[in-house]
Amino acid sequence: MSERKVLTKYYPPDFDPSLVGRSRSSKSSKPTGPKVQTVRLMAPFSLRCSSCGEYMYKGRKFNARKETPPDERYLNIQIYRFYIRCTRCSAEIVFRTDPKNQDYAVERGAKRNTEPWRRGLEGELEETDEQRLDRIEREMAENDGEGPGAEERNAMAELEQKTADAKREMAVADALDEIRSRNARLEKAQREGGVDVESVLGGRGLTEEEERRRREEEEDAEAARKAFEFARLQQRLVEEGPEEDGMGLGLPVTTNGGGSSSSSGSSSAAAGDGPSVTSTTTSSSATAPAPKAAAATDMPPPSFKRQVKKKKDHSALLGIKKKTPLV
């Protein structure tokens, strides 16, 4: 047995190269028919063989011949034709692509199974020009209100219009009733209490509920204003410090020379009646605003300092005895 890949070939002694003919293929010798290829495909739809009645479902694989006819096109889209054989009787089945309907069409050898979602589609696809014109005219007539289906649409439109008109009339009647009741209330108030209608209208004619709400809002605003004013007063007192508070309230100021200040005060009082009267007047005038400041400081100022909680000693609960430090 000779090797498959060799560098030299065996030529017999009686070999004559002139007897070996080589035919050159020319363009004229090529087949002029449609291009045919062998492909592997799946059935694009369920079909039934017309020869033996065998059902072949969508997705079944076949070894098919793909034909590309050069003169069959739709809007410059190439149409392909496929040849398969029945799995039972080997009858030839032919189908092609249908670019117009984005589908496939069976030509011979089988019949496409009924598909519920395609019912009525074949008739629409085979619609002629006259049928299409008639359908367009019928649709235009229905839109203009002349066809049989236009009467039902007109009735529905009339019913919707009547409903909208009734709602609008009810809203207008409610508004008129409210205006009449308001005018009657104003006239009654003018007759009984001598209230000027113009002044009431200038005050926007508020109802009792609106007046009560307005009073509540004013009270809330006044309470908030007082609270903020009190907070600002407390903040100012805290910022001034205890020394300035003592001086403003006429309290004795304690300094390093406290004994000397008290002794000087006693000596000035003992010196004569004139200075004592002057000191009494000064002290009384200084202590005059004390009640107001005391009333302002009744509530303690808010403190925003962080309070550090002392940790509890759980060592006794766990049975841990701590040794006393020697130092």
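Just so you know, glycine gets a Cβ as well, placed from its N, Cα and C.
Because TrEMBL annotations are produced automatically, they should be read as predictions rather than curated entries.
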**OP:** Please find, within the list 1-36, 109-144, the residue stretch that TrEMBL describes as region 'Disordered'.
**Re:** 1-36
Original post:
Counting by DSSP, what is the helix, strand and coil composition of the compositional bias 'Basic and acidic residues' (206-229)?
Top reply: 22 helix, 0 strand, 2 coil
Original post:
With the Zn(2+) site defined by Cys49, Cys52, Cys86, Cys89, which remaining residues of that chain have Cβ atoms positioned within 8 Å of the Cβ centroid?
Top reply: Ser50, Ser51, Gly53, Glu54, Thr87, Arg88, Ser90, Ala91
